[in-house]
Amino acid sequence: MAKVNKSRSASPPDGGWGWMIVAGCFLVTICTRAVTRCISIFFVEFQTYFAQDYSQTAWIHSIVDCVTMLCAPLGSVVSNHLSCQVGIMLGGLLASTGFILGSFATSLKHLYLTLGVLTGLGFALCYSPAIAMVGKYFSRRKALAYGIAMSGSGIGTFILAPVVQLLIEQFSWQGALLILGGFVLNLCVCGALMRPITLKEDPSSAEQNHVCRTQKEDCKQASPYPPLAKERVQTCLCCSLQQEYSFLLMPDFVVLSISVLFMAYGCSPLFVYLVPYALSVGVSHQQAAFLMSILGVIDIVGNITFGWLTDRRCLKNYRYVCYLFAVGLDGLCYLCLPMLQSLPLLVPFSCTFGYFDGAYVTLIPVVTAEIVGTNSLSSALGVVYFLHAVPYLVSPPIAGWLVDKTGSYTAAFLLCGFSMIFSSVLLGFARLIKRMKRTQLRFLAKESDPKLQLWTNGSVAYSVARELDQKDEESVATAVPGYNLT
């Protein structure tokens, strides 16, 4: 393969080849997230063929989701240290191999290893690097670009759900898995589109990055003293990790991470149990698959419209609020689901849940970028998707266990709904506390120096406001003359 040529730009181009990056990410989300959702269509087939209960069968979907998110930091590492192109192509080969080997499975344990672990690892190498690449090419229209890119999940679900059901009917589940294995090889084509780009470094991290680069160059120089060489390599590795993951100690990122755990627990079981639940209330197989298609196509509307709306000037500063609003409404939809026991009632549910699911999925990378910045976005997204792993692993089996014990889906759906509502409330409460603290600091600053009141329309006021918003009290005391910490 020819040496990769990196595009160089002082700022994100907001267009040009960036739209090809969006197209590539769009295809990646089809081949990863949409295909993962469609694995739930195999649920009844696996359960019947292997004669297993709900909780045992649910582990297949849980493992592929868990491994995809658990290994997301690995995808970021491969992307950062080799290239996004190499990572996605390798991931496509691994995912395809998992599907093909899964078609020859003779037990659920074989599917756990092939369709679960191997395919999930391949998806992990593709998903977060492709999403991070969109953030590097767009700034002003970032939410819209992410809305289009992430809509691949909905479009893919809409198209693939009935197609997969048809493939199962025509070729059995083994043949359907084999065909899907060939389909996900398109990830290799997506990887070829991901042209790297080098952006101007943030001023706050430029000095630190220069020091780290200097130390990395020193690491490459041979040393006649092995202990000194070993110490130099350790220093290099520590500096590299500190640079890539310094955002982990940011309070806003910690709160977002905790919220993501509860949100991920709630969102996953629906894509496993919507089809079985619909079948249990008398809906036909084709109509149940149609519900997944509706969920997918409305997901597209949520992706694009929320991305476009939150790029408008009136909402651009409220993306965080829009995100928690969408998560909370999905939780409310869950609470209503046990009362919906016919196709005419399940269709509006699929529309509502799908819309707000697309909305908050679009805003996850946008909100993360606002917290950590563009340069750390790839690593931060790796951590955010890593935090999805454990909830994705345990929530479908827990829901299946509740169904087996109670004989009803009610307890499982209520638990998921309250989990998503708590995620939204936690974010809102944290933002409220931060706003109150910022107001208090601003009031104390004005009380300490009356001259500060004369700066409200000048550039100094803007600088002080940024200090009040982003720094601690000692930094504010330095920025504002006369400010007293006591």
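Placed from the backbone N, Cα and C atoms, the Cβ positions cover glycine too.
Annotation source TrEMBL lists domain 'Major facilitator superfamily (MFS) profile' at 17-435. For the domain 'Major facilitator superfamily (MFS) profile' (17-435), the model's pLDDT averages out at 82.
With a cut-off of 8 Å between Cβ atoms, the residues of this chain six or more beyond the transmembrane segment (21-46) that come close are 52, 57-58, 60-61, 64-65, 68, 88, 92, 95, 108, 111, 115, 123, 126-127, 130-131, 133-134, 137, 145, 148-157, 160-161, 164-165, 168, 173, 176-177, 180, 183-184, 186-187, 189-191, 193-195, 271-276, 279, 289, 292, 296. Taken from TrEMBL, the feature transmembrane segment applies to 21-46 (among others).
Here TrEMBL flags 86-105 (among others) as transmembrane segment. Long-range contacts of the transmembrane segment (86-105) within the same chain, counting only residues at least 6 positions beyond its ends with a Cβ under 8 Å from a Cβ of the stretch, are 28, 31-32, 75, 78-79, 111, 114-126, 129-130, 174-175, 177-178, 180-182, 184-188, 190-192, 194.
Per TrEMBL, transmembrane segment is recorded for 111-132 (among others).
Using a Cβ-Cβ cut-off under 8 Å and counting only residues 6 or more beyond its ends in the same chain, the transmembrane segment (144-168) has close neighbours at 18, 22, 25-31, 33-35, 37-38, 41-42, 45, 130-131, 134-135, 137-138, 175-176, 179-180, 285-286, 289-290, 292-308, 311, 354, 358, 361-363, 365-366. The transmembrane segment annotation in TrEMBL covers 144-168 (among others).
The transmembrane segment annotation in TrEMBL covers 174-194 (among others).
Among the features that TrEMBL reports, transmembrane segment is placed at 253-276 (among others).
Residues or ranges marked as transmembrane segment by TrEMBL: 288-309 (among others).
Under the heading transmembrane segment, TrEMBL lists 321-340 (among others). Beyond its flanks by at least six residues, the transmembrane segment (321-340) meets 259, 263, 266-267, 270, 277, 302, 306, 309-310, 315, 346, 349, 352-353, 356-357, 359-360, 363-364, 366-367, 408-410, 413-414, 416-425, 427-428, 431 of its own chain at Cβ-Cβ distances under 8 Å.
Under the heading transmembrane segment, TrEMBL lists 346-368 (among others).
Marked as transmembrane segment by TrEMBL: 380-403 (among others).
Annotation comment: TrEMBL describes 409-433 (among others) as transmembrane segment.
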